[in-house]
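Asks: Here TrEMBL flags Tyr234, His242, Lys273 as active site. Taken from TrEMBL, the feature domain 'TSEN34 N-terminal' applies to 32-91. Look at TrEMBL and you will find 206-288 tagged as domain 'tRNA intron endonuclease catalytic'.
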Amino acid sequence: FFTKAPAKSGILGRNNLKKRLRNSGGTVSNRNLCDSAPLLWRVGDLRSVRAQGLVGALLGALPRTPRQNVRLGRPLLLLPEEERLLTERHVTPPHIRCVVVCVQDGGVELQVQQYQEAQQRSYEEQSVLALEDRKSALLRAMTSSPTDESLQRRLVALESSFSFPRSAMAVQLSTARAGLSYCADARDFLRADWPIRAQDEPRRAARYQVFRDLRGRGFYLTSAGKFGGDFLVYPGDPLRFHAHFIAVCVSLDESLSLLDILAVSRLGSNVKKTVLLCSPGTDGRVAYTSLQWSGMV
């Protein structure tokens with residue numbers, strides 16, 4: 001009952017996907033956690049994930065157009081199912097990729113001292129640049145008013161009276177290696193948050209089984225929270241196709257209210273999509289039931 005694109009285009013899409021997978025190498029080298037959300041920052045990781053048919057959602061603002069939310073940039077937020085599928089494919093490291101920092105023999109004090117020295121050097125460099133900028137501004141003002149003696153006195157006194165406040169100092173935030181480096185104790189503390197992500201385990205397992213099955217059939221999936229479902233199902237790359245289905249994950253023995261079925265069917269009809277009730281079985285297979293609104297009887 002799946003309404004796919006024409007067979008020829010579907011075959012071509014699968015062949016292109018396989019070709020991209022072969023060319024990409026299928027490796028994701030760095031995945032970071034913000035609280036419990038898995039994020040990808042590196043362009044290479046985004047390309048590798050996309051080549052495997054995993055879409056995610058961009059969250060960051062673009063540097064040149066930050067005051068808009070129509071087009072977004074890195075980082076890429078992965079669905080929990082996408083993250084788990086990457087883990088099962090052995091293309092991503094364990095849940096928290098971190099570098100162990102050995103804190104021995106005064107290592108912390110040495111790091112603090114190096115950080116303070118680097119901050120002091122940065123402050124001195126920025127003080128010189130700020131002073132030159134202030135002088136340039138006064139010189140430009142004197143060019144327009146060459147007879148103004150107050151400007152000349154200010155320029156002479158600027159060298160001795162200028163003070164650059166530390167609160168105005170620019171601090172560089174490195175994103176080349178997003179994330180922090182944790183020692184063993186810190187990693188153990190962070191793992192304490194992981195049971196939060198495992199709440200409602202049967203529900204999460206059912207969602208993942210549906211996600212893996214549909215992805216194995218060649219479909220692309222994104223979150224369908226705004227459509228009242230679990231996943232939006234695309235016949236191809238979401239940049240080229242509209243979603244055809246709204247997947248709703250329900251167990252085989254779960255009783256559904258008739259009003260809920262009518263509501264989700266009517267919603268799917270209004271957005272021109274077919275609703276799929278996806279029920280994972282104990283044998284690993286998934287049963288699909290399509291719902292379409294045909295009008296009141």
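Placement of Cβ uses the backbone N, Cα and C atoms for every residue, glycine included.
TrEMBL labels come from automatic prediction, so no person has curated them.
Source: prediction; values computed, not measured.
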Asks: Near Tyr234 (active site), how many other Cβ atoms are within 10 Å of its Cβ?
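Replies: There are 21 of them.
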Asks: Could you tell me the C-alpha distance between Tyr234 (active site) and His242 (active site) in angstrom, no decimals?
Replies: 6
Asks: Could you put numbers on the helix, strand and coil content of the domain 'tRNA intron endonuclease catalytic' (206-288), residue by residue per DSSP?
Replies: 27 helix, 23 strand, 33 coil
Asks: Work out, from DSSP, the number of helix, strand and coil residues along the domain 'TSEN34 N-terminal' (32-91).
Replies: 18 helix, 16 strand, 26 coil
Asks: Within its own chain, what residues at least 6 apart in sequence put their Cβ under 8 Å from the Cβ of Lys273 (active site), listed in sequence order?
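Replies: In sequence order, the residues whose Cβ lies under 8 Å from that of Lys273 (active site) (at least 6 apart) are Phe227, Leu232, Ala243, His244, Phe245, Ile246.
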Asks: Near His242 (active site), which residues of its chain come within a Cβ-Cβ distance under 8 Å, counting only those 6 or more away in sequence?
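Replies: Those within reach of His242 (active site), by Cβ under 8 Å and sequence separation of 6 or more, are Tyr234, Lys272.
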